[in-house]
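Report on one structure; see the data block that follows.
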């Protein structure tokens with residue numbers, strides 16, 4: 001149960017952060033969930049986490065303030081204190097409409113409009129896999145396709161580009177003469193992309209082609225092999 005709550009709480013916080021479009025202090029949010037579960041356990045309650053649907057509904061309705069939290073606390077205390085079933089007096093259509101609104105909004109955003117946030121191939125494969133197979137297997141297939149697509153796209157990008165080094169700083173005549181004389185011995189490279197096992201070899205080959213070290217005539221065979229070509 002601890003493992004399930006920990007994983008679900010992490011996913012809930014990240015999902016709320018993505019939906020809100022603003023940066024959250026994930027450590028602070030997880031500490032809040034942890035201490036809440038400690039207090040709930042000491043008082044004989046159940047484990048729990050953020051209610052994702054209620055949080056999203058509150059943010060979408062532009063009522064994201066502490067007043068909403070206070071109202072929820074008072075309402076839950078009233079439900080416990082009142083001897084009658086309060087939920088039996090709440091109209092069923094209101095609860096159904098709220099759940100339908102949250103479900104429709106999430107499905108529209110994460111199944112249809114998600115193509116704006118990800119590659120078209122990843123979105124198409126994930127969408128078809130989730131609808132044709134199942135949710136969990138479709139998510140695994142989508143993650144696998146995203147990993148392969150990331151590797152292929154970054155391997156094709158040239159990770160290192162040799163450039164001519166230049167300086168816009170004013171130098172004295174002596175320093176300018178030294179820089180002009182040693183300009184050929186200075187190699188300037190521009191790196192871009194992600195550094196992983198698929199691009200390291202390409203970067204090393206690019207640096208070796210752009211750098212030349214003069215071999216010493218008195219060097220041994222092992223020392224000569226250590227020089228870059």
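Residue numbering: from 1, along the chain as shown.
Keep in mind that glycine also has a Cβ here, set from the backbone N, Cα and C atoms.
Unlike curated records, TrEMBL annotations are generated automatically.
Among the residue ranges 93-113, 156-176, the one that TrEMBL annotates as transmembrane segment is 93-113. Residue counts for the domain 'SLC26A/SulP transporter' (14-115) under DSSP, split into helix (H, G, I), strand (E, B) and coil, are 77 helix, 0 strand, 25 coil.
Within the model, the domain 'SLC26A/SulP transporter' (14-115) carries an average pLDDT of 82.
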